[in-house]
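Database features (TrEMBL):
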TRANSMEM  12-33  transmembrane segment
TRANSMEM  39-64  transmembrane segment
TRANSMEM  76-95  transmembrane segment
TRANSMEM  115-132  transmembrane segment
TRANSMEM  144-161  transmembrane segment
TRANSMEM  167-185  transmembrane segment
TRANSMEM  292-311  transmembrane segment
TRANSMEM  317-337  transmembrane segment
TRANSMEM  349-371  transmembrane segment
TRANSMEM  377-395  transmembrane segment
TRANSMEM  407-429  transmembrane segment
TRANSMEM  441-461  transmembrane segment
Amino acid sequence: MSSLRRALLYSFAGKYSVLTIDFLAVMLISRILTPEEIGLYSIAAASIVIGQVLRDFGLSLYLVKEKDLTTEKIQTCFTISIAICWVIAIFYYFMSSKAAEFFGRADVETLIKVLSINFVIIPFGTLSLSLLKREMYFDKIMKSDIFSTVLRVTATITLAMQGEGVYALAIGSVVGTLASVFFLLRYSKFIYYRFNLTDLKSVIGFSSVISFSNLISEFRQILPEFVIGKYHSIEGVAFYSKASATSGIFSKLILQAISPTIQPFLAKVKNSNASSAQPILKIFNYIQVFSIPFYVFVLVFADPIVVLLYGDQWQSVPPLLEIICLSMIIISLLPSVEQMLNVMGQEVYVLRLTIAMFVLRVAYIFVFVIYDLELTQLLYLFMTLSVLRLVLLLPQIVKTFNINFNSYLRVMGINVLISIVLGIEFYMVTQFTKLNFYNPFIMLTMLSMAFATWFLMLILTKHEILSELTRIAMINNILRKMMRD
C-alpha cells in the first residue's frame, strides 16, 4: 500500500469515526437545547472565527510545504504561534462584553470568555499536528481526533443534561482542545518548544499571505450569521447555521479526510519536479463522484432529512438547505483548488480572488439589509458567487497544473451524468410513489437504492474510482484474515 493510500485510509477512518460520534451527539443535543440556545452559541463561535484563522497564521501550511525544514524554523513557528494565540485570547476575553452589547445578549460575553481559553492551549498542539501531517502519519492523527472527540462530546452532553444550557457547548469545546493537545504532545520533541525568531523573515514571508487570505475567506463565511443575528433574528441564525451544517456533512465525510493529505502530497510532487496534472485530475474525479450525487440527494430530500435529524422545530431549514446544495454542486466542479494553488506557489492569486469574493459578498449583504430580503433570496445571491468562482478558477487551474481542458471536461461530464441519473431516479420516486420519507426505515431504503444506482453507474461508465474501491476491499479482506489469525 502506498504512503498516500495508507494516509487516506487512516484519514477517512478517523474522520468517519469523529463524524459518527458528532452526528449522534448533534441529534441528542438538538433535542435538549432550543434553537435560540444553539443560535447564541453559533454567534459566539462566529465571533471568534477570525481569531481561529489568525492563530494559525499560515504556519500549518508552512510546516507542511517547506522543503528545508530546520529545527530553528520549527521553533520560530512555535514562537509566532504563542505570541499570536495569547494576544488573541486576551483580546477576546476583554472584548467579549462589546460583542454582548452588539447582539443584546449577556450570554454571549460568557460564551466568548470560555471559548477564548482554547487560544491559550492550541499552540502546543498545532506544531505536533502539522509535523505529523508533513510526514503523513495519519494513524496517529486519527487516534488523537477520536480521543478528543469522545471527551468533548461526553462533557457537552453531560453538562447539557444537567441543565447548563448553551454553556455546555463552550465548556465541551475547551475539554476537547485540552484532550487533543495532551495526546499530540506524545509525538513531539521538547526541543521544538523553545522561543526562537532566527528564521522570522522566511516564515512571515509565506505565512502572512496565507493568513490574510484565510482571514478574509473565513470572515466571508461568518458575516451572514452576524448580519442575520443583528438585523433578522437569533432563530434565523440557528436556521442558517443548521442548513450550512447539514450541507457540510459531505465536507466532514469526504473533504476533511482528503484535504489534510492533499497538501503534503502535492508538496512532495512539487519538490520532486514531477508532473501534477494526472494527480489533480484524479483528485477532482474522486471528490466529484461522491460530492455531486450527495448534494443531489440532500437537495431532493431536504425536508425529511432535516426533520429526521433535528426534529419538527427545524422546518424552516429545508428551503435554505436546498439553495445551499445547489451552490455546493457548482463548487464541487472545482473542489479544494484554493489549497492546491497555495501549495504550488499561487498564494497571491488566491488572495486576490478571495478579496474579490469578499467584496461581492459584502455588497450582497448590504442589499439584503437595505431591501429587507428573505434568507432564501440572500442565498440565491450567494449562488452567483459560486458560478463566478468556477469561471475564474478554471483557467488558472488548467494553466498552473498544465491540465488538458478536454480531460477535465471528460472527468466532470461522467460525474455530472451519474448525478443526473440519480436526480431523475429521486424525482420519479417522490412524484410517482406515496412513500412516507419521514419514516427512518423508508429513508434508509431510499438511501440504499441510491447507493445501488450510484454503484451501477460506476460500472456502466467504467469509472476510475472502481479500482480504488477494489483495493480498499482487498485491504479489508487482508485485515480480517490478520485479525482471525
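Any Cβ shown, glycine's included, is placed from N, Cα and C.
Keep in mind that TrEMBL annotations are predicted by a computer and have not been checked by a curator.
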Among 39-64, 115-132, 167-185, 292-311, 349-371, stretch most in contact with the transmembrane segment (407-429) (C-beta, under 8 angstroms): 292-311
Long-range Cβ neighbours of the transmembrane segment (76-95) (under 8 Å; 6 or more residues past either end): 47-48, 51, 54-57, 59, 62-63, 112-113, 115-120, 122-123, 126-127, 130, 192-200, 202-204, 207
Same-chain residue ranges lying at least 6 outside the transmembrane segment (377-395) that approach it to Cβ under 8 Å: 224, 320, 323-324, 326-328, 330-331, 333-334, 337-338, 353, 356-357, 360-361, 364-365, 367-368, 408
Other parts of the chain folded back onto the transmembrane segment (317-337), taken as Cβ under 8 Å at six or more residues beyond its ends: 239-240, 242-244, 246-247, 250, 255, 258-259, 262, 283-284, 287-288, 291-292, 295-296, 298-299, 302-303, 305-306, 310, 375-376, 379-380, 382-383, 386-387, 389-390, 393-394, 397, 412, 419
